[in-house]
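Everything on this sheet refers to the single structure shown next.
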């Protein structure tokens, strides 16, 4: 199949989703044009599947669980919508499903799996750079204006949401760390500089969830460090780490940060020092309480498709339960657990990469409801599914043994 056609039908819609082109168009150009872009993306994906059908290889058995989940969610959710009377745009909710299905076919082909890995990395790195640029310009994505008289408290990137920006930055960090393995010192330094830049973009979000999650995945991807004498060094470094935390907490008032930034630094240090009773959830607890009220009303059947999104619950797990009942929720938990357990069959280098991606997505599901609703995020599960199923005993799908420049 012509690579140009594949690029247009699959990779263009992904880039549009990842770079938030549709919402930016709706805010600053035209809502009608944004809708045209949305429908065009779906048409391209469906067309791509039809044209690509002869190049489809063995489909991922792990990814099949998502189709069972979608059947449960829409089957029970539609019934719940009829009972509760809640109405929503079903077509809009099908966008991530169509993306998942399309990419499940595309990534069955090894060539396009590896090509998508590159495109995925490039798009996420671009979003990290844009996050930094917007902060330096003091640009508010919601209004399209450069703020005068005050600075942005937190970087929101191309979505305007600090937590969403933190999520994309962490994923970008993981992707770059995995895909780029230079052999020459100069290129190793370039890689380190790139990773530091991405971390800086993450830090600018002042996301409690983001920085806490980063400490976990940073330890995972550096698993080789935790052997022999290095473990002793790590144990010695733990007190030094907390000394650094306490110094930061004591000096935070003199860093010239805004009140909101100072508050977020204190929030992060409370989390890292396990003072969980002092950790603030930025108002998400109140929104979650409102959703839980409806959970108690209809725990078995739920309240209907996309109900939690309308209620702004900001929690994927509770949102699924509220939408489509306890059976769908339990299957969702089983599916996520199954993905995580399957990573243990991978070789160490790929195991901790796949595990880190999953852990990041799972943790952010606690504070975001967009993890399984955004096309550019849902396709990561497709990517991980093929990574798991095709790299168990060898490195046939992703060759990490070869060094690049």
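All residue numbers here begin at 1 and follow the chain in the order shown.
Cβ atoms here come from the backbone N, Cα and C positions, even for glycine.
Curation does not apply to TrEMBL; its annotations are automatic.
Computed from a predicted structure; not experimentally measured.
Here TrEMBL flags 194-333 as domain 'O-antigen ligase-related'.
Outside the transmembrane segment (33-52), and at least 6 residues removed from its termini, the chain residues within Cβ reach (under 8 Å) are 1, 5-6, 8-10, 12-13, 16-17, 21-23, 25-26, 95, 98-99, 101-102, 105-106, 109, 375. The transmembrane segment feature in TrEMBL is assigned to 33-52 (among others).
Residues or ranges marked as transmembrane segment by TrEMBL: 64-83 (among others). Counting same-chain residues at least six beyond the ends of the transmembrane segment (64-83), those with a Cβ under 8 angstroms from any Cβ of the stretch are 90, 97, 100, 298, 301-305, 307, 320, 323-325, 327-328, 331-332, 335, 338-339, 381.
According to TrEMBL, the feature transmembrane segment maps to 89-106 (among others).
Positions annotated as transmembrane segment by TrEMBL: 113-135 (among others).
Marked as transmembrane segment by TrEMBL: 155-180 (among others). Residues 18-20, 23-24, 117-118, 120-121, 124-125, 127-128, 130-132, 134-135, 140-142, 191, 194-195, 198-199, 201-202, 204-207, 209-211, 213-214, 217, 221, 353, 356-357, 360-361, 364, 367-368, 370-371, 377, 380, 400, 404 of the same chain lie 6 or more positions beyond the ends of the transmembrane segment (155-180) yet place their CB under 8 Å from a CB of it.
Under the heading transmembrane segment, TrEMBL lists 192-221 (among others).
The transmembrane segment annotation in TrEMBL covers 227-248 (among others).
Long-range contacts of the transmembrane segment (320-340) within the same chain: residues 62, 65-66, 68-69, 72-74, 76-77, 80, 291-292, 294-295, 298-308, 311, 313, 355, 358-359, 362, 381, 384-385, 388, each at least 6 residues beyond the stretch ends and with a Cβ under 8 Å from a Cβ of the stretch. Summarising the annotation, TrEMBL assigns transmembrane segment to 320-340 (among others).
Among the features that TrEMBL reports, transmembrane segment is placed at 346-364 (among others).
Residues annotated as transmembrane segment in TrEMBL: 371-388 (among others).
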When the pLDDT values for the domain 'O-antigen ligase-related' (194-333) are averaged, what is the result? 76
